[in-house]
Each structure stands twice: as C-alpha cells, then as structure tokens.
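Novice: Starting off with a structure, shown below.
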Amino acid sequence: MSESVHTNTSLWSKGMKAVIVAQFLSAFGDNALLFATLALLKAQFYPEWSQPILQMVFVGAYILFAPFVGQVADSFAKGRVMMFANGLKLLGAASICFGINPFLGYTLVGVGAAAYSPAKYGILGELTTGSKLVKANGLMEASTIAAILLGSVAGGVLADWHVLVALAACALAYGGAVVANIYIPKLAAARPGQSWNLINMTRSFLNACTSLWRNGETRFSLVGTSLFWGAGVTLRFLLVLWVPVALGITDNATPTYLNAMVAIGIVVGAGAAAKLVTLETVSRCMPAGILIGVVVLIFSLQHELLPAYALLMLIGVMGGFFVVPLNALLQERGKKSVGAGNAIAVQNLGENSAMLLMLGIYSLAVMIGIPVVPIGIGFGALFALAITALWIWQRRH
C-alpha cells in the first residue's frame, strides 16, 4: 500500500471506503470512551463539575496543537497521518485501562484526535472533487454520527455492566481504526517540503487564520460550525445531569440513549443537506440552526422520556442540515486559499475554542449551584440568538 495512486473520484472507491470505516471505528472509540470515562469518574467519586473538565482537557489538546496539525496533514500522506493519530488514541485508551489518571489518558486521546481531524476531512478533497464533495461530507458525517450513536450507547451500557470492559472495548475500536487506515491509498502529500521551524509554523498558521477570517464565506462557515459544535458538546454534558433531575433516572445508559437520538437525527439532516443544499445555496441551512436553540429550550422543560427522545431527534435533524453545508463550504474555499489541512486546523481551533468556552461556562454554572433546567433554557435561548445574529450578519455582507 506504499505506492502513490491516482485519485479515483468515485464516492465508493476503495480509498473512500477505507476512510469511512476508519472514521467510524475511530469516532466509535471517541464516543464510547467519553461515557466509559464519565462512568469511571462517577465510580471514583469525582465532583459533578469535573465532568466537563474531562472534555476541556481533550479540546485543550486541539487548541495547543492547532498551529501544527494542519501542516502535518498537508506534509505527509493523509492516510498515514490518520493511522498515527489513531495509534495515539489507542495508547491513551489503554493507559486509562491500566489505571493511569483518566484526565491524563484522555488528554493523550485528545492529542491523537487533534492530529486526526485535518487529515480525515482534508483527504476527502483528494479522493473526490467538485459536486461530489458535499456528498462525501454527507457520508463522512453519516458514518461519524452512526459511530456516535453506537459508541455512546455501547459506552454507557458496557459501563453499567463493568467499567473496565467498556474501556477495553474503546481500545479495541481504536486498534481496528489503525488497521483500516492501512488500506487507505498513499496519496501524494498536498504541500511537501515545508519548514518545520515551530515559530514559522505558528506564524504560518496565524496567517492561515487571518486569510480565512478575511474571506466572508469562510468566516461565516468558521463561526457557524464553531457555535454548533461548542453547543453540541455542551448539550452532551448537560444531558448527564439533566436526566436524573428531570426524569429521575440515575443509570449511565439513559443519557447515552438520548444522545443517540441526536445522532440519528443528524444522519437524517446530513442526508437532507446533501440533497437540498449546494455550495451556492448554503444560506438555506440557517433557519435550521436557529431552530436548534428553540428546541433545546423546549426540551429542557420536559419531564417525560418519549417527548425528550422526539425533541432530541429533531435537534439532530436540524443540526445535520445546518453543519454539513458549512463544512463543505470551508473545505472548498479553504483548499484553494490555505490548503485543506490548514483550513480544517483553523476550523478545529475555532470549534474547540468555542467548546472550551461553553464547557467552562457550563462547569462554572454547575459549580455555583445553578439548577440544570434553567441552564438548559438559557443555553437554548442564547444559541438561537447567536445563530440569528450570524444569519443577519451574513445577509448584510
């Protein structure tokens, strides 16, 4: 598999299939590991406000390595970068299994994830082009969300049975992702021979940030995806505390089932976006973004399981329809200006900065004793207002 190959632009080429399988297994491990590690924190009597800290150390790795991972993705064959990154995730999951501090192990998984993300999205533009890129993003998002669906549930269910079994399953998933990466064709590096001087790399990354921010379309995409993923991660942790308060259920599995409803909805929304939205009609996704916040607000007031399931699925549908076109827009415009790997690295910086900020505010709210239902109401209202403001700004510019 070491030879270079010409790109086969089919959506179902051998390389694309390998990317999708590797992405599924890697994302499965990510999501199962989150809920397995949360169960470990509960079992070891960590305070409730420490739960979002777990995700904050994960996204902190993204932010710390943001200036460098884009160049890594563009300087080497992206399939090999993905394999190395999944190896780091495997090491992190295994370290938690063997009793190393879960925050340290999860940080290592975050380093692997930071290296993985620019490569996994950047390779799509090398395996397919043009009008197929939105569809390729739809496949990637669908496989990711299917992994979120199954991984989240598996992590919670296995953790209710035995936490160590859940952690071992995560390590096994990462091992499978490493194997799948072997079957991704070794495409030529997008931008080989770049300087590895850390100061120059940081300066180059900041230049990429500036270039993308000055372009109205890429700035619009960066802000939209950052708000979405920041809110999405915060919602996952809100559910962990909301379920016992609103529904009176205290197991590890129920929050994962509710997260699964969001995942199912995103698959549906991503498919709809691939059919109904093009790079020229991206603004069609904006009403869906506003509705996410409105439905989160309504959801926070529920006390029955069935309405909660339905509303979370609706949130997912709106989310998939909202984020897939924005991702495709950034990849297409970014590939032409700063390179796909750098564009995704800048996107990761924005998204993870938003996650860090939102999780920090959420953790602080929990720490000072604000009830989870008012937190959810305020969270939904602020998100709807933020997307409304973004849409108004986009229409004016």
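Glycine too: its Cβ is placed from the backbone N, Cα and C atoms.
From Swiss-Prot, for reference:
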TOPO_DOM  1-17  topological domain 'Periplasmic'
TOPO_DOM  39-52  topological domain 'Cytoplasmic'
TOPO_DOM  74-90  topological domain 'Periplasmic'
TOPO_DOM  112-144  topological domain 'Cytoplasmic'
TOPO_DOM  188-226  topological domain 'Cytoplasmic'
TOPO_DOM  248-256  topological domain 'Periplasmic'
TOPO_DOM  326-343  topological domain 'Cytoplasmic'
TOPO_DOM  388-397  topological domain 'Cytoplasmic'
TRANSMEM  18-38  transmembrane segment
TRANSMEM  53-73  transmembrane segment
TRANSMEM  91-111  transmembrane segment
TRANSMEM  145-165  transmembrane segment
TRANSMEM  167-187  transmembrane segment
TRANSMEM  227-247  transmembrane segment
TRANSMEM  257-277  transmembrane segment
TRANSMEM  281-301  transmembrane segment
TRANSMEM  305-325  transmembrane segment
TRANSMEM  344-364  transmembrane segment
TRANSMEM  367-387  transmembrane segment
Novice: So, do the transmembrane segment (145-165) and the transmembrane segment (281-301) meet, by the test of 3 or more Cβ pairs under 8 Å (sequence gap 6 or more)?
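Specialist: Counting Cβ pairs under 8 Å (6 or more apart in sequence), the transmembrane segment (145-165) does not reach the transmembrane segment (281-301), since there are fewer than 3.
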Novice: Could you tell me what the rest of the chain brings near the topological domain 'Cytoplasmic' (326-343), counting residues at least six beyond its ends with Cβ under 8 Å?
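Specialist: Distant contacts of the topological domain 'Cytoplasmic' (326-343): 69-74, 78, 118-119, 121-122, 124-126, 133-134, 137, 141, 190-191, 204-205, 207-208, 211-212, 215, 217-218, 220-222, 224-225, 228, 279, 282, 285.
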Novice: From the DSSP assignment alone, can you count helix, strand and coil residues within the topological domain 'Periplasmic' (248-256)?
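Specialist: The topological domain 'Periplasmic' (248-256) comes out at 4 helix, 0 strand, 5 coil.
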Novice: Report the DSSP secondary-structure composition of the topological domain 'Cytoplasmic' (326-343) as helix, strand and coil residue counts.
Specialist: 16 helix, 0 strand, 2 coil
Novice: If contact means at least 3 Cβ pairs within less than 8 Å, sequence distance 6 or more, would you call the transmembrane segment (167-187) and the transmembrane segment (227-247) in contact?
Specialist: no
Novice: Establish whether the number of Cβ pairs under 8 Å between the transmembrane segment (91-111) and the transmembrane segment (227-247) reaches at least three, counting only pairs separated by 6 or more residues.
Specialist: no
Novice: Who are the long-range neighbours of the transmembrane segment (257-277) in its own chain, taking Cβ under 8 Å and residues 6 or more past its ends?
Specialist: 134-135, 137-138, 141-142, 145-146, 148-150, 152-153, 156, 232, 235-236, 239, 243, 284-285, 288, 308-310, 312-325
Novice: As a quick check of your reading of DSSP, tell me how many residues in the topological domain 'Cytoplasmic' (188-226) are helical, how many are strand and how many are coil.
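Specialist: Final tally across the stretch: 28 helix, 0 strand, 11 coil.
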Novice: Mind checking which residues reach the topological domain 'Cytoplasmic' (188-226)? Cβ under 8 Å, same chain, six or more beyond either end.
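Specialist: Distal contacts: 4, 66-68, 70-71, 73-78, 122, 126, 282, 289, 322-323, 326-327, 329-330, 333-334, 337-343, 345-347, 349-351, 353-354, 387, 390, 393-394, 397.
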Novice: Same chain, outside the topological domain 'Periplasmic' (74-90) by at least 6, Cβ under 8 Å from its Cβ: which residues?
Specialist: 15, 18-19, 22, 26, 29-30, 108-109, 111-116, 118-120, 122-123, 126, 171, 174-175, 177-178, 181-182, 184-194, 339-342
Novice: Can you tell me how the residues of the topological domain 'Cytoplasmic' (39-52) break down into helix, strand and coil by DSSP?
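Specialist: Helix, strand, coil within the topological domain 'Cytoplasmic' (39-52): 10 helix, 0 strand, 4 coil.
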Novice: Tell me the residue counts in helix, strand and coil for the topological domain 'Cytoplasmic' (112-144), as DSSP assigns them.
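Specialist: Counting residues by DSSP class gives 28 helix, 0 strand, 5 coil.
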Novice: State the residues, same chain only, that lie 6 or more residues beyond the ends of the topological domain 'Cytoplasmic' (388-397) and have a CB under 8 A from a CB inside it; answer 'none' if no residue qualifies.
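Specialist: Same-chain contacts beyond the ends: 216, 220, 223-224, 227, 283, 286, 289-290.
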Novice: List the helix, strand and coil residue totals of the topological domain 'Periplasmic' (74-90) as derived from DSSP.
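Specialist: Helix, strand and coil residues of the topological domain 'Periplasmic' (74-90) number 15 helix, 0 strand, 2 coil.
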Novice: Going along the chain, which residues at least six beyond the ends of the topological domain 'Cytoplasmic' (39-52) come within the CB cut-off of under 8 Å?
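Specialist: Beyond its ends, the topological domain 'Cytoplasmic' (39-52) has Cβ neighbours at 96, 102, 155-156, 159-160, 163, 166-167, 234, 237, 240-241, 252, 359-360, 362-364, 366-367.
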